[in-house]
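Here is what TrEMBL records for this protein:
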| type | residues | note |
| --- | --- | --- |
| BINDING | B:His217 | ubiquinone binding site |
| DOMAIN | B:14-225 | domain 'Cytochrome b/b6 N-terminal region profile' |
| DOMAIN | B:228-398 | domain 'Cytochrome b/b6 C-terminal region profile' |
| TRANSMEM | B:20-37 | transmembrane segment |
| TRANSMEM | B:44-69 | transmembrane segment |
| TRANSMEM | B:95-116 | transmembrane segment |
| TRANSMEM | B:128-149 | transmembrane segment |
| TRANSMEM | B:155-182 | transmembrane segment |
| TRANSMEM | B:194-215 | transmembrane segment |
| TRANSMEM | B:248-268 | transmembrane segment |
| TRANSMEM | B:305-325 | transmembrane segment |
| TRANSMEM | B:337-357 | transmembrane segment |
| TRANSMEM | B:363-390 | transmembrane segment |
Amino acid sequence: MKKTLIIAGAVAASLVASATFPFGSAQAAGAGVTPPKQEWSFAGPFGTYDRAQLQRGFLVFKTVCASCHGLEKVAFRNLAEPGGPEYSEAQVEAFAAEFIVDGGFDEFGDPRTRPATPADFWPSPFANPQQAASANGGKAPPDLSVMAKARTYERGFPWWITDVFTQYNENGVDYVAAFLKGYVDPPEDFDPALGNYNLYYPGHVVAMPNVLFDGGIEYPRDDQDRPVVPETVEQYAKDVTAFLMWTAEPHLESRKAMGLQVMVFLLVFAGLLYFTKKRIWARVGGETEGHAAG
Amino acid sequence: MSSHSTTYVPKNAAAKWLESRLPIIGLVHSSFVAFPVPRNLTYFWTFGAILMVMLVIQLVTGIVLAMHYTPHADHAFTSVEHIMRNVEYGWLLRYMHANGASFFFIAVYIHIFRGLFYGSYKAPREVLWILGVIILLLMMATAFMGYVLPWGQMSFWGATVITNLFSVIPLVGDTIVSFLWGGYSVGNPTLNRFFSLHYLLPFMILGVAMLHVWALHVPGNNNPTGVPIKSGKDAVPFHPYMTVKDTFSIVCFLAVYAWFVFYLPNYLGHADNYVPANPSATPAHIVPEWYFLPFYAILRAVPDALLGVILMFASIAVLAFLPWLDTSRVRSGSYRPVFKVLFWGFVVTCLMLGWLGSRPAEGIYVILSQIFTFLYFAYFLIAMPLLGLLEKPLPLPNSITEAVLGKKAASGSGMPVGAAAEPQSKG
């Protein structure tokens, strides 16, 4: 038996060794650059959103992103719900009232409009995809509702295995945050006619221009009239990405909280079952698994 | 099952009345209570029960998801997001269902490899094994169609690639493909029929699974020695011995499953599937779900499309012939020194094919895919027929009891009372 395992192990090891080599080169050939890992408050088994960060992120979204991107899966009421930015009902009503939306038909059958209410979904900045494309150089800006889960980067061996144990799940947000900061000076031979240069975008040529600039958005002030966090591209990118994680995964907090209860229950139940099983099998002289040979 | 004479005695008038008209309690009793199982079954034998649990989880979550899902090309993606956001515990249902598919496959692959190692496909269990292969095929069809339903980019392009495979069939290929699509490309009619079939096939799996259990209960369980039960001493009654062991194993399996559902719900999926389906933008890499990767590697290993498709289907079909391809008269791999090495080589081959399926079909990957595709088929078509003739197996134990307790104990002295003979009143 031991001998077999050694042979099998040797075969496996040599195969893996020979195979990881081309794997590495394939990764290097990939067009994007691996985004740096960030600290996120919502990472890990006990992760929760940072309310203040979500509110700052919403501010960045509203001031910058929303002029081109939709957020069609998010309703205004979501902004007041637990587990999110948790704005007050009054604040949410005020956000909604800034928009005029389609209000059905009046008694004469003519279309009418009305101010949005918390029950409405976030209105798209463009009337239709064609308009969105033509206003943006031929490519419609994608909706951002689930963007934080719709982007990733390849982790490669052995990280895709260790990620299962470390619960590293933040590929999407690490990429999005890096992308927003990725408008660095292009290499000398870059042709600006192609589009904009982004270090982290696969292929580096992206239709979206740089939108974040240091000091561009005014953050809330503390009592000494200083911004609570630095007004830098770094911070804007991180805050708006955290906000997009919430829009993509609005029930993340209750999911992780329930996960803890379920895991504790299952492990305790498994423990009890293990001893029950041991006791029952003791009636026939204990478990006599397997075989003597081999 | 019905052929078994049952030891069940109805205890009250109502049960007696029912039993004389429909002996269903007796059937359940003889199949899941008194049914004798070898006393040496390892945890690898608990995956049948795990699979039953996974099937029920998939059915229950799937039926509730279908109440909230809209099978229309314009609304499917949004309705899935509606489930994730606005349906009470919708996120839980969807993550359980999506990860449940993966864990269904994890369990079924362990179950299959256990059967391969211990020769569970050999006489008299050929029909049991073939029913299992049919379940695997049904599972694959169900999983593939289920992955199309969210109507993301990978749904759409996966459906396009896989349905296009049928176009390589000579003469009728294109007709079959338009029939599958319900049009001239993957579109709303495709989504509708896939939804319908995705709802139907699990019930077919349930039906074949019942036949699978029936076919199991005729010859009884195989066991790690491969030697059949010879006396009451070799066996224990299913209840409470296997019920408690299965339950323990199920709960451990569910804990791993829960780890993914609650903490890594999108780890096994593709980010691209959170991008709504777009027929005019092809994703950079179209990759199937992880459980299809070995077959995908075989498909792409050869340059000829028709041959690739034939090889892919043959890679599953060959399993059905294994009972006759394996010429060894020894059932358990434990007593086959050369087989053991080849078996682990085969496991590595499958893992390598899985990895190659995730790589682009170019350069060294194609050559490696060809090598491992050859090794995959060589295991069934060359190694299994020849090994039975050439290999010298180790001596087999006379009985299960002898194998697990040694010769002395089997001869009788100091052995606890045979469990199968133990009165039920104790349980």
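Glycine is no exception: its Cβ is also placed from the backbone N, Cα and C atoms.
On a predicted model such as this, the values are computed, not experimentally measured, just so you know.
Just going by CB pairs under 8 A, the stretch in B:95-116, B:248-268, B:337-357, B:363-390 that sits most against the transmembrane segment (B:305-325) is B:363-390. For the transmembrane segment (B:337-357), same-chain residues at least 6 beyond its ends with a Cβ under 8 Å from one of its own Cβ atoms are 113, 116-117, 287-288, 290, 292-298, 300, 328, 365, 368-369, 372-373, 375-376, 379, 383, 387, 390-394. Of all the Cβ atoms in the protein chains shown, 19 others lie within 10 Å of the Cβ of B:His217 (ubiquinone binding site). Looking just at the domain 'Cytochrome b/b6 N-terminal region profile' (B:14-225), the mean pLDDT is 96.
Only residues 6 or more beyond the boundaries of the transmembrane segment (B:248-268), in the same chain, are considered here, and those with a CB under 8 A from a CB of the stretch are 43, 46-47, 49-50, 53, 92, 95-96, 98-100, 102-103, 107, 289-290.
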